[in-house]
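As given in TrEMBL:
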TRANSMEM  12-29  transmembrane segment
DOMAIN    12-401  domain 'Major facilitator superfamily (MFS) profile'
TRANSMEM  49-68  transmembrane segment
TRANSMEM  80-99  transmembrane segment
TRANSMEM  105-126  transmembrane segment
TRANSMEM  138-163  transmembrane segment
TRANSMEM  169-188  transmembrane segment
TRANSMEM  219-245  transmembrane segment
TRANSMEM  257-278  transmembrane segment
TRANSMEM  285-305  transmembrane segment
TRANSMEM  311-337  transmembrane segment
TRANSMEM  349-369  transmembrane segment
TRANSMEM  375-395  transmembrane segment
Amino acid sequence: MVTREQSPVAHAIFVGVLGMLTAIAPLSIDMYLPAMPDLADAFSVSAAHVQYSLSLFFVGLALGQLTYGPIADRYGRLPVLYFGICLYLAASLVCALAVSMPVLLAARLAAGFGAAAAPVMARAIVRDRFEGAQAASVMSFVVMVMATAPLVAPLVGGVVLAVASWRGIFALLCVYAAMCLIALRLLLRESHPPARRVRDRSLFAQYVGYLALVRRGPIALFLVCGSLMFGALFSYVAGSSFVYIEQFGIPQSQFGFYFGANVLAMLMGTFANGRLVMHFGYRRLLGVAVCNTLVCSLVLLVASVTGLGGFWGVAVPLFFLLSTVGVAGANTVAGLLDQAPDAAGAASALFGVCQFTAGAFASWCVGVLGGNALAMAIVMTIAAGGSVAAFIALLMRVPTPGAAAGERPGPA
């Protein structure tokens, strides 16, 4: 059983299992990106229809984020994890065997709902086991493990496509889910005992609490700002395979390298944010991030309309745009939790819901607009412009860092 006092080996296993669980969602998103053009050909549908599978996965993630927290507070962490991962495994198996696009879309929605249990419960387990700086340290290592998924997933997807069809990718995700269940059974124990479970409020009352949180101070503006930045990110995720492979002729086997370069840009930006936020505060860095995203999206829009620079005219502004998307996300969370220190769990869940809802809508818009670089640039520009507007509203609503009584930089 994992306890607060752990040997280094036990601690590494604990972090590894939680990282393995939280990697389910990014693996499910990024591994099948190289296969999206193949899916369109297999079912004789447009790029937009294939991108709906991504949108519906985000919808499932959003609904799951909202649903699982209160249930786990009442019934424990492990039952929710077992349910979610089993649902994900079954839905991924249906994806692998799908004979029509509607079946695949329904299965992706169910897979997203199941996958949402993993990150929600991983955060809850860390909060159960650790406190304060120790909890932050453990969560940082969990995120580092999880962050490898977007780097390797497109590469793995490309390798699978070289030896099998797109069905092989979903079969591999089934195997991964089964491995998670085995690790869960052997290496984790319940961290939320009956004595600590919520019994004095109904599940309905807990869900109503989300609405009360939105009305508190500038929380809604932080939610809008962060969610729109997430929408910009997932407009890239939704359109990248069609832009790189179909529009610019990048081989499927090389797609993962270009996708991974942009993931590295995000990681570098987030790492730099962790160092700079202690000196400049989260609000200043959030302002820099949203403004950079708007400028880069406008450059991308011009390049997409005029064809200026060809492939590199699209790839370079995307690299610099994505380098600050992670910065915006980290500092939005810091500001959000700063406004709700007594309801951090609910605020985190609410932010997850808004993020994935924005991601679902943005990826749907990219598909509707054609799934090309121009569609991606239009959605990114609108999302970035909205983020800048929300940030300006925050500056008007909340005192600036110099006037605020001790703004906390917050975690990066």
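The backbone N, Cα and C atoms fix where each Cβ goes, glycine too.
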Per Cβ pairs under 8 Å, the stretch of 105-126, 169-188, 285-305, 311-337, 349-369 packing most closely against the transmembrane segment (219-245): 349-369
Result, the transmembrane segment (257-278) in contact with the transmembrane segment (105-126) (3+ CB pairs under 8 Å): no
Beyond the flanks of the transmembrane segment (49-68) by 6 or more, those residues with Cβ under 8 Å of it: 25, 28-29, 36-37, 39-40, 43, 80, 84, 101, 104-106, 108-117, 119-121, 207, 210, 234, 237-239, 349-350, 352-357, 359-361, 363-364, 366-367, 371
Same-chain residues near the transmembrane segment (375-395), Cβ under 8 Å, at least 6 residues beyond its ends: 218, 221-222, 224-225, 228-229, 231-232, 235-236, 238-240, 243, 283, 286-287, 290-291, 293-294, 296-298, 300-301, 303-305, 321, 328, 335, 358, 362, 365-369
Distant-in-sequence neighbours of the transmembrane segment (257-278), which means Cβ under 8 A and at least six residues beyond its ends: 30, 33, 147, 150-152, 154-155, 236, 240, 244, 250, 285, 315, 318-320, 322-327, 330-331, 334, 409-410, 412
Mean predicted confidence [pLDDT] for the domain 'Major facilitator superfamily (MFS) profile' (12-401): 83
